[in-house]
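Taking it in order: structure first as structure tokens, then the write-up.
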């Protein structure tokens, strides 16, 4: 990172720097920092009459005193953590296979095959699951045809289906960091582990997983964040009873036009997501710039 | 577990079976969406009623094909418009950011870097509502102070573009920075030594080197914008981009015209994705 001072005079350099920093500052302050501060301020006020507001904690009190909101919040968090865990458990063997079993062209092809579904809109993927799992869907028909079920089976609108959809949607963000971190693990380290008397289990526990930790951390953080903030998948696959917290925010903002309470919900979701990301970083001893940068 | 380590056949077979199952899981929804685009039935579900192309080219209701569905075509236009502006803005600002973070030193740089990464860990819905609340506050403030009604700060396409730009810029910044980091600064110094002006050195040496990353970042930005749902949902006005229009249709229950549209989207975005992979593949090193 050598800078331009060697070729340019100090004054003009400073001006150039300001010019370069201008779009960045505009972007960050107008679109990221100030809107979130404003969101917080709006969440701390109560509407008295038209255009008149007063400082109040009523929105947060309402959240904690209404079991529906509170339960939805906890449910969203718990299901997101579970979905992240499942994504990791399902994705890890696949990443390991791509990174360590495959060579050359086959490896690139397999890796691309993992990526391509995710260039397709989440809406299309969820639509696919709806066609597969609905009462008149492919799986239900297959079960009847093969004699496992007697009548049509409705597989939409339950928690397991939401989970299938969430894991599916997040898989890419787990596999990419895992493959890249496992690629960097030298095969000879694994061989040495076996030479020294380790078996599959101990080698995985003592060599592979510690090495893969940065990838695991960044995969989990991104997957968790995306799952927590997901709206489409729980809404379409879970139906009316999906009870996802983003739906509550949407209801407050768009349906009930209660922006104060919606802001409070939004802020609480932001706190939850930041908190768990922070805990994840601490536990895996990573920093944000290492993880995403 | 690696080829050099002998494993029992049974174990290997089990592992390959798992990988096969995984890829079936990965491809099943997409294949199903594609196949049912050709089903001669009013609903995208079983049973199979025979093949038809009506969901692409059909003109008579209820068999209105995607090429004759003016509402959906219009929303594709809206999405393309939004994605175009998001791409232009986010690649431009991303390039400035990359130069700022990779080439210069200034106090507070680390903090600024962290803040500029933060849109990646803010859920899209929250980014949407915070921009909605803030722009509304500005619009109200202006209206009260000087009586102007700033229509563009109310929910609508301008806010959708701004909202998507807010987080897509982080991604373009990362992609372009990664490429700029690999650039050998002595090449630029050589150009300067040979008498090039700073501007000429930038345009003839540095920017051509960055081109794969710029194109790659552009494709990624376009696709992410085109497919964005969460942020758009909160900021959308009366003109619905494609994802919102499709979502509304899905909720109502739709004819397989949505399958036909999805199949086209898959072909186009799959093609763009492959293109971005090839563009970014480094041929020189």
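Yeah, the Cβs are placed from backbone N, Cα and C, and that goes for glycine too.
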Match it up for me: which of A:110-132, A:133-155 does TrEMBL list as transmembrane segment?
A:110-132
Need the matching range: TrEMBL marks transmembrane segment on one of A:77-98, A:187-208, and I'd like to know which.
A:77-98
Pick from A:215-233, A:234-252: which range has transmembrane segment per TrEMBL?
A:215-233
Closest-packing stretch to the transmembrane segment (A:77-98), where packing means Cβ pairs under 8 Å, from A:12-34, A:110-132, A:160-182, A:215-233, A:263-281:
A:160-182
Select the range from A:12-34, A:110-132, A:160-182 that forms the most Cβ-Cβ pairs under 8 Å with the transmembrane segment (A:215-233).
A:160-182
